[in-house]
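Shown next, in structure tokens, is the structure this report addresses.
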């Protein structure tokens, strides 16, 4: 259930943040709120969502409310969210698509032991995902890959499509897709996928969907390495590369909008087992900066932290 709101349409700018109950998403909500924006914090778990809002309100962030959103459920919670925003705020100004999953499972106890052996303050820790012995503790399956693409790519598309009519009512609509540097084209090793995603002029949602379907087919048939996909993190890398491509398509499709994607950096979150170069607060700053670009700000770009980056 959503938080109680006044039954009046407000002129205050309104933002929706997916996956807002913890980590980067929570900090994005906090920082947008600090900038005077009315924030609708969303996540799948109702209890965790209410707890997150209560925590924010206890730290004097009153302009935050919760509404449940399951990005894999394109009918029930998305329609309810859209109705809620229309009733209470009349429009939507900012959409931050932050919800995401890693796409692999981890032998947590052994991985934490490896972190401990390296040392939590060691500069080598941020390179742990590159170590073969660490990758051996991580497992990728078709089911996990399917979930990863469903949340990180298809979920973003579904939420965005439902909320576009409300964004169109804004004087300065913005969409920020939280991506990753691993979604850069230089990490897309399947030749067909690279050809499709790298051709910005020919990009369409249908062509991006082709890449998603190719990857899932190869996962199901155990052909990931045979067909040249990344040997580790194929689902996550592809999901973020497809998200970046979708950002480009959307920016071209709706020139009135500011649509950008950003890698917040390797952030010390629960999903990363506390490994990273940035705190959640610092990672969120990279996202919020783009969400609050001036009205004549850029669109259709990829940012790595605060720097403009090639796709």
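From the backbone N, Cα and C atoms, a Cβ is placed for every residue, glycine too.
Straight from Swiss-Prot, the features:
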- 21-24, 44, 70-71, 98, 236, 240, 267-272: NADP(+) binding site (BINDING)
- 129, 180: substrate binding site (BINDING)
- 236: active site, proton acceptor (ACT_SITE)
- 263-305: disulfide bond (DISULFID)
Proximal residue to residue 305 (disulfide bond) among binding-site residues 44, 71, 267, 269, 271 (C-alpha distance):
267
What are the sequence-distant neighbours of residue 129 (substrate binding site), meaning same chain, six or more residues apart, C-beta distance under 8 angstroms?
135, 232, 233, 275
Residue 180 (substrate binding site) and residue 236 (NADP(+) binding site), Cα-Cα, nearest whole angstrom:
9
Lowest local Cβ density (other Cβ within 10 Å) among recorded positions: 263, 267, 271:
271
Residue 269 (NADP(+) binding site) to residue 263 (disulfide bond) - Cα separation in whole Å:
14
Compute the C-alpha separation of residue 44 (NADP(+) binding site) from residue 263 (disulfide bond), stating it in Å without decimals.
23
Kindly assign residue 236 (NADP(+) binding site) to one of the three DSSP-derived states: helix, strand or coil.
helix
Write out the long-range same-chain contacts of residue 21 (NADP(+) binding site), meaning residues 6 or more apart in sequence whose Cβ is under 8 Å from its Cβ.
41, 43, 45, 48, 49, 51, 52
Rounded Cα separation (Å) that holds between residue 180 (substrate binding site) and residue 267 (NADP(+) binding site):
11
Sequence gap of 6 or more, C-beta under 8 Å: which same-chain residues meet both conditions with respect to residue 71 (NADP(+) binding site)?
18, 44, 78, 99, 151, 155, 156, 158, 159
Check the binding-site residues 180, 269 for other C-beta atoms within 10 angstroms of each C-beta and report the one with the most.
180
Would you mind listing, in sequence order, the residues at least six apart from residue 23 (NADP(+) binding site) in the same chain with a Cβ closer than 8 Å to its Cβ?
267, 269, 270, 271, 280
What is the Cβ neighbour count of residue 236 (NADP(+) binding site) at a 10 Å cut-off, with all protein chains included?
24
Measure from the Cβ of residue 44 (NADP(+) binding site) and count the other Cβ atoms within 10 Å, all protein chains considered.
18
